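Below is one structure, written out as structure tokens, with a few remarks after it.
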Amino acid sequence: MGSEATLLLCLFLVADLDTATYAQPGNSRVGKVPLKPSHYLTENDNQYWLDSALAAMQQKLDTDPIRGTAKNVIMFLGDGMSVPTVTAARIYAGQLAKKKGESSSLAWERFPYLGLAKTYCVDKQVADSACTATAYLNGVKNNYATIGVNAKVKRKDCAGSKDAANRTASILKWAQDAGKATGVITTTRVTHASPAGTYAHTSERDWESDFDIANDTEVKGVDCHDIAKQLILDDPGRNIKVIMGGGRRKFLPNTVRDPEGQGLGQRLDNQNLIRRWEQDKSERGSKPQFVFNRQQLLDLNILETDYLLGLFEASHMRYHLEADPTTEPTLAEMTEAAVKLLKKEKNGFFLFVEGGLIDKAHHENWAQMALDEAHEMSKAVETAVRLTQESDTLIVVTADHAHTMSMSGYPARGNDILAATEKSDVDNKLYATLSYANGMGYREAVLVKDADGKDACTRFDLANDLPDRKKPRYRFPSMFPNIDETHGGDDVAVYARGPWAHLLTGSHEQHLIPVVMAYSAGIGPAASMPHASAAAHLRTSPAVVWGLSLSLVLILYSREFPLS
């Protein structure tokens with residue numbers, strides 16, 4: 001090879017250097033001239049939108065998938081957080097910040113990867129939180145109202161749920177088997193369906209305590225561990241390092257008063273499971289800490305704590321809009337404590353975090369409350385992002401199922417998302433931007449006289465609701481009455497960042513989620529699956545490219561000018 005060829009190769013490499021951009025895989029990169037809307041342009045200008053789109057496209061072009069092994073996995077679950085809920089919550093959060101809201105973003109909407117998950121149960125077209133928890137945590141679809149068992153087990157089949165062959169293992173168990181620490185956080189009872197999916201095996205989601213089993217009128221003589229007992233006494237529950245949420249009464253005997261004066265416990269077996277939890281950890285030579293209010297959590301010495309149990313309410317935790325901030329921690333505060341405690345573990349961790357009250361609010365047609373709970377979960381996601389590294393932590397945000405809330409009409413840009421400002425072109429009465437297909441927000445028709453003086457029915461006038469519309473417990477209108485608003489059968493969004501997050505793009509079954517998380521961490525059923533070849537990852541590394549290029553130049557040079 002002549003010196004001219006060598007010179008051309010060097011010039012090519014220099015030219016390549018001039019156009020290269022540098023970043024770790026998965027991180028957003030911008031070129032030499034970042035593309036963004038010019039400061040003097042407005043939304044009325046063509047170029048404003050074109051520049052904005054080009055900048056967004058450049059960010060996607062400059063985002064490389066991360067193909068390393070995830071040391072940590074964090075899963076956020078917005079219970080009932082349908083796509084319309086995300087859209088409305090985004091606007092709600094933006095308007096709280098005194099913006100129009102439509103172009104705002106919740107924390108997970110800034111993640112690079114997005115997919116859709118199908119949520120049906122084996123026996124139901126529209127799912128509940130039990131069968132979906134088994135899907136997105138255990139990788140197995142099963143029957144409505146059952147948790148941690150396969151579809152051979154029907155609802156309330158205690159014997160079937162005790163058969164080891166019918167039981168499923170969760171990603172939390174896979175993480176423990178791989179030597180990782182684990183944690184579970186929720187704003188509902190820690191024995192509720194979603195968190196129970198990490199540790200329980202039951203044919204009835206409502207069997208949270210032995211009291212619940214004894215009062216189940218459909219079955220008698222059930223000899224199964226209730227969900228609370230499984231959490232404290234059985235594997236993998238007893239090995240969970242961090243447990244936080246509500247539900248103290250499921251763990252206390254009916255002779256023991258609640259520490260915050262919220263009545264007595266509920267258990268009939270006279271077992272104080274909180275005390276059993278403390279004893280078990282102490283006997284294992286660990287340092288357990290039980291807390292039941294916010295100040296105790298904030299005062300917690302992370303370095304002196306190995307296991308943390310935080311039960312902040314007798315039942316579910318309170319809605320953020322109604323909670324006493326002096327006694328009840330936020331989801332973000334619980335997330336911060338959990339991540340800091342679990343980060344002490346050298347092998348990494350798996351953490352499940354649920355914003356469970358989104359669902360509870362939707363069931364009541366309390367749209368404002370639901371949107372606010374989604375906004376609170378966004379703060380928790382921001383906390384997790386701040387405390388971890390994208391290069392070694394996979395974060396997945398999704399929902400278990402949808403709800404029937406929709407966003408409709410043609411409200412003006414920046415219109416209050418909670419408002420009823422549009423009028424029907426049939427009866428000239430107001431209708432709300434947010435409404436439900438069913439629930440207790442149904443308004444009976446009003447009897448009036450028509451033009452001929454005859455009795456007629458007309459729709460309730462929402463103008464009469466204006467004084468109550470801003471109250472958190474205002475019930476948004478529904479099409480037909482139901483004691484509880486139902487779930488929706490829509491697909492739910494899956495947002496992801498970190499190692500192998502790109503595998504969650506596209507439309508897929510919900511039970512794929514834990515398998516991808518396991519693959520990312522190299523655990524569970526995916527432990528034996530090799531990650532993509534190192535060469536595929538090295539292609540995206542500028543340092544490696546330049547090292548190889550320099551080696552090639554030196555080889556060619558040595559051939560051209562051999563040492564004598």
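Every residue gets a Cβ built from N, Cα and C, even glycine.
Under the heading active site, phosphoserine intermediate, TrEMBL lists Ser129. Sequence annotations record features per position, and here TrEMBL assigns Zn(2+) binding site to Asp79, Asp359, His363, Asp400, His401, His487. Per TrEMBL, the feature Mg(2+) binding site maps to Asp79, His192, Ser194, Glu354. The signal peptide annotation in TrEMBL covers 1-23.
Comparing His487 (Zn(2+) binding site) with His192 (Mg(2+) binding site), their Cα atoms are 17 Å apart once rounded. When the Cα of His363 (Zn(2+) binding site) is compared against those of the recorded positions Ser129, His192, Ser194, Glu354, the shortest separation belongs to Ser129. Proximity to the residue listed as 'active site, phosphoserine intermediate', defined by a C-alpha to C-alpha distance within 10 angstroms, is shown by the following binding-site residues from Asp79, Ser194, Glu354, His401: Asp79, Ser194, His401. His192 (Mg(2+) binding site) falls within neither a helix nor a strand when secondary structure is assigned with DSSP, and so counts as coil.
For the binding-site residues shown (His192, His363, His401, His487), fewest C-beta neighbours within 10 angstroms: His363.
Between the C-alpha atoms of Asp79 (Zn(2+) binding site) and Glu354 (Mg(2+) binding site), the distance comes to 7 Å. In the shown protein chains, 27 other C-beta atoms lie within 10 A of the C-beta of the residue listed as 'active site, phosphoserine intermediate'. In this structure, the CA atom of His192 (Mg(2+) binding site) is 13 Å away from the CA atom of Asp400 (Zn(2+) binding site).
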